[in-house]
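Asker: Checked TrEMBL, it gives:
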DOMAIN    23-357  domain 'UvrD-like helicase ATP-binding'
BINDING   Ala44, Gly45, Ala46, Gly47, Ser48, Gly49, Lys50, Thr51  ATP binding site
DOMAIN    358-504  domain 'UvrD-like helicase C-terminal'
Amino acid sequence: MSAPPPNPARIRTPGQLCEALGIPLSDEQLAAVTAEPGPGVIIAGAGSGKTTVMAARVVWLVGTGAVRADQVLGLTFTRKAAGELSARIGAALERSGAVDERARHDLQGQTVMTYDAFAGRLVAEHAPRIGVDPIERVLDESTRYRLAGQVVSEAEGGWEHLAGLSPAVLVDWLVTLDAELNGHLVDPERLEAFTPPFVARLLDAPLHRGRPYRDVADAVETARARLELLGLVRSYRERKRRLGCGDFGDQMARSARIARRAPQVAEALRRQFRVVLLDEYQDTSAAQTTMLSGLFSGPDAEHGLGHPVLAVGDPYQGIYGWRGAAISTIGEFPRTFRRGDGDPARVFSLTVNRRSGPVILRGANEILARLDEDPAMPAVGGAGLRLRAVAGAGPGSVTVGRFDDVDEELAWLASDVAAHGCPGRWASLAVLCRTNAAVGRVYDELVEADVPVEVVGLGDLVSLSPVREIVATLRLLDDETDNPALVELLASRRWRIGAPTWPP
């Protein structure tokens with residue numbers, strides 16, 4: 001049975017598109033939105049309206065009759081981002097008249113999902129094609145560490161380079177190495193074969209006063225310890241296999257292998273999804289890039305070359321390097337997803353920031369200029385990208401403070417935030433910390449200043465005072481002689497019994 005044809009064209013000009021969306025689009029945005037179907041990458045600076053552009057791109061393609069709404073696949077990293085993108089696309093389609101409300105509701109959760117959810121669906125449906133079993137249960141973070149802890153506790157030991165490490169450190173290293181191998185699509189056997197000649201090259205490095213340089217010696221020790229750790233990785237993977245479970249890294253690695261070894265799967269997905277949107281592409285790992293290129297690109301036009309894949313990202317905002325992502329990935333997109341004639345994919349740029357004034361952006365651009373010195377910074381539209389303010393934006397301000405100690409800095413921060421906030425405006429204020437360890441103290445200081453606070457993310461959650469109080473209460477219920485827990489509870493905001501109030 002052939003697929004139903006696209007809807008009749010309801011939008012024919014960029015002006016009609018902006019009218020249907022109810023918002024104006026800049027020339028940069030329109031260039032990306034109205035481009036001919038084909039692979040392309042948008043280098044979108046911070047606050048430049050990338051989500052708006054992705055939603056507008058779908059409305060343009062559906063509204064002009066190029067595709068149906070259900071032929072569009074959108075992928076992003078988090079469920080929250082997927083929900084927001086799905087809602088934006090659905091609302092824009094409904095506002096434009098391209099689909100009705102019922103059709104928009106049917107689209108949500110089907111055409112926009114996370115990369116992990118897409119990989120999970122691929123593995124669930126096609127794992128037997130590459131001779132592996134589907135993953136029956138996806139492990140959460142705590143279960144991963146629990147299984148790894150069992151593997152470490154049952155290991156026979158006898159290590160030379162892992163000796164002396166605590167079980168907690170071994171578990172953390174084990175889980176990390178397993179994830180990195182998956183993220184880079186490297187089998188344990190390949191790493192095992194690579195290590196001896198790599199160590200030999202390091203040992204042949206020039207000496208300093210007859211001894212290896214410290215960095216070289218550390219690299220040798222790390223490589224040898226990693227080689228011993230591979231035994232634990234194999235045991236950990238065997239345990240996951242026996243239990244029929246796996247983590248998101250296992251899913252992604254298997255989906256990448258499906259994309260490479262099962263061309264019929266890729267062909268079916270390209271027929272199903274005529275247009276693919278990839279959000280935050282700068283954070284994709286080697287496994288994710290392999291999966292996506294295997295499914296939606298190919299050696300020639302008949303086998304995927306030139307498929308309309310639109311990636312959006314900003315190399316300056318990459319945050320997932322620790323799990324296999326590289327800022328060079330987005331720079332390689334034009335050659336990874338080539339056009340039907342073999343030429344590199346088109347590159348678009350969004351440089352108008354709609355959140356900040358020119359003074360703030362001038363400071364941001366100075367910092368970006370330093371990042372351009374990194375040789376890994378992509379040469380395609382990334383390096384040299386400078387943000388500019390939208391016409392009519394207020395200047396904004398940048399204030400730099402110098403303080404004698406952390407307490408003085410926190411007091412000033414809380415006072416400044418409280419002075420700028422008011423009911424209805426709190427959500428527009430944000431405090432960024434360099435490390436998760438600082439979040440707890442910032443939180444306490446803001447709460448003390450009667451500032452409503454929401455902590456985004458779970459990093460260092462136990463450092464927040466409400467969580468510390470709960471943990472202290474539980475510890476006291478378990479052991480009433482736990483004096484540190486008692487002090488934590490008595491000094492909390494509820495009781496405020498601190499050192500000055502204690503009897504001598």
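Using N, Cα and C of the backbone, Cβ positions are placed for all residues, glycine too.
Can you tell me where each of these features sits in this structure?
Answerer: Residues belonging to the domain 'UvrD-like helicase ATP-binding' (23-357) score a mean pLDDT of 90 in the model.
In sequence order, Asp314, Tyr316, Ser349, Leu350, Thr351, Val352, Asn353, Leu385, Leu387 make up the list of same-chain residues 6 or more apart from Gly45 (ATP binding site) whose Cβ falls under 8 Å from its Cβ.
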Asker: Other than Ala44, Gly45, Ala46, Gly47, Ser48, Gly49, Lys50, Thr51 themselves, what residues in this chain have Cβ atoms within 8 Å of the centroid of the ATP site's Cβ atoms?
Answerer: Val53, Asp314, Leu350, Asn353, Arg354
Asker: Give me the count of other Cβ atoms within 10 A of the Cβ belonging to Ala44 (ATP binding site).
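Answerer: Other Cβ atoms within 10 Å of Ala44 (ATP binding site): 29.
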Asker: Around Ser48 (ATP binding site), which residues of its chain at least 6 apart sit with Cβ under 8 Å of its Cβ?
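Answerer: When sequence neighbours closer than 6 are ignored, Ser48 (ATP binding site) has Glu28, Leu350, Thr351, Val352, Asn353, Arg354, Leu387 within Cβ distance under 8 Å.
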